[in-house]
């Protein structure tokens, strides 16, 4: 399989391309495109959260714990938290991800389980959508898409390295098909993954509807002109 550095290099290159797509083709703000590119590079490490090797796990958790509070700062502000409250909430998120999530992953995951799957890529994208707050929902979708692309780049690279090439012949390793998959041999893990995917879909739809309703309620009243020229507001 591809090593840690190869995964980071490929996902980072995908992030550069994704950022360029947003800036040049979609005409999105440059800073949002750069952030999305960085998220794509980071997401290329996420499938290895189930790794038995402590080094990738430690590095991934450290990066994720550091960046997640920053991405959630605007959401904390929208909840009416003060500067001190935002700082405290960010510290709690850091500690939860850095230590709580790490301990949970070590106990509940196996290498090349459902963390290496297409449903897991969708879960990562939906989680990014919920974490990345902002006025423009299109930017949230763009950032979530960047995480999905980075995650899938890892899976594709694993499958690519599962094919041995030599002497004009191709040979499939036992690991072939264990990354780009929809289910795992463990039915409990598969059920948990799809249950989480369904939950995140519901949360994402609900969050979008709530956010849209809040935006409408904040719009100024529209003027209405009646026949005699008078203007009223509703």
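Here the Cβ of each residue, glycine as well, is placed from N, Cα and C on the backbone.
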Exercise. Given 171-191, 192-212, which one carries TrEMBL's transmembrane segment label?
Worked result: 192-212
For this session: If TrEMBL is the reference, give me the range from 53-72, 113-132 marked as transmembrane segment.
Result: 113-132
Problem set entry | Given ranges 139-157, 215-233, the stretch to which TrEMBL attaches the annotation transmembrane segment | 139-157
Problem set entry | TrEMBL annotation (transmembrane segment) - matching range among 14-35, 80-101 | 80-101
Problem set entry | Same-chain residues near the transmembrane segment (139-157), Cβ under 8 Å, at least 6 residues beyond its ends | 2, 6-7, 10-11, 14-15, 18-19, 22, 26, 28-29, 32-33, 35-37, 39-48, 116-118, 120-122, 124-129, 132-133, 179-180
